[in-house]
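A short write-up of the structure that comes next.
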Amino acid sequence: MNRYALLLVLAVAVLGGALYLQTRKGHLFYGTRLANPKPVDFTLEGPKGPVRLSDFQDRLVLLFFGYTHCPDVCPTTLLEIRKALLALPEKERARVQVIFISVDPERDPPEVADRYAKQFHPSFLGVSGSPEATLEVARTFGVYYQKSQVVSPTEYLVDHTATTFVVKDGKLVLLFSPEKIKETERVVEDLKALL
């Protein structure tokens, strides 16, 4: 085989590899893809009773931990998630469920958490639970939270992890940092690859 033929074969192989990475099957994820997806489940309280993550097995679930008195990262992140959701075609959008989990159960009963989540999109679901249940769910996802700048028992901030978690078929498969969730087009491509 002469040198030009060898270069042609290599060029075709490289181009083919690049095209493969662009397909859904070989999609190169922008978010942090877990090499070993972790099985996850929880039960917390929604406005109409218990909500189990396993109730959404047929959907791609985006989870965000925050609180309704959050002055910055919570509303910003939920707006970014909303932008990504609305950028999906309607058929794919119907296969996505966004769940807001409050890390401030003392001030955010289920009705309050849900009302807050629905301010960003009517399909968003807000849930909360007892302090013990909230801590257990947070630990499952590796989420940190702690009260800070406490002025009174009802006036304080909560420092917390601001990652968006993506669950498919009951397994944690993808993470978006607060910086990455802002890149709507890239987030949408990741979501489409998982749908």
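Every residue, even glycine, has its Cβ placed from backbone N, Cα and C.
Record features (TrEMBL):
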type: BINDING; residues: CYS70, CYS74, HIS160; note: Cu cation binding site
type: DISULFID; residues: CYS70-CYS74; note: disulfide bond
type: DOMAIN; residues: 33-195; note: domain 'Thioredoxin'
Given a separation of at least six residues and a C-beta threshold under 8 Å, show me what packs close to HIS160 (Cu cation binding site) in the same chain. PHE65, GLY66, TYR67, VAL103, VAL143, TYR144, TYR145, GLN146
Report the member of CYS70, CYS74 (the binding-site residues) whose C-beta atom has the most other C-beta atoms within 10 angstroms. CYS74
With H, G and I counted as helix, E and B as strand and the rest as coil, say where DSSP puts HIS160 (Cu cation binding site). strand
Give the sequence-ordered set of same-chain residues, not counting CYS70, CYS74, HIS160, with Cβ within 8 Å of the centre of the Cβ atoms defining the Cu cation site. PHE65, GLY66, TYR67, ASP72, VAL73, THR77, VAL103, VAL158, ALA162
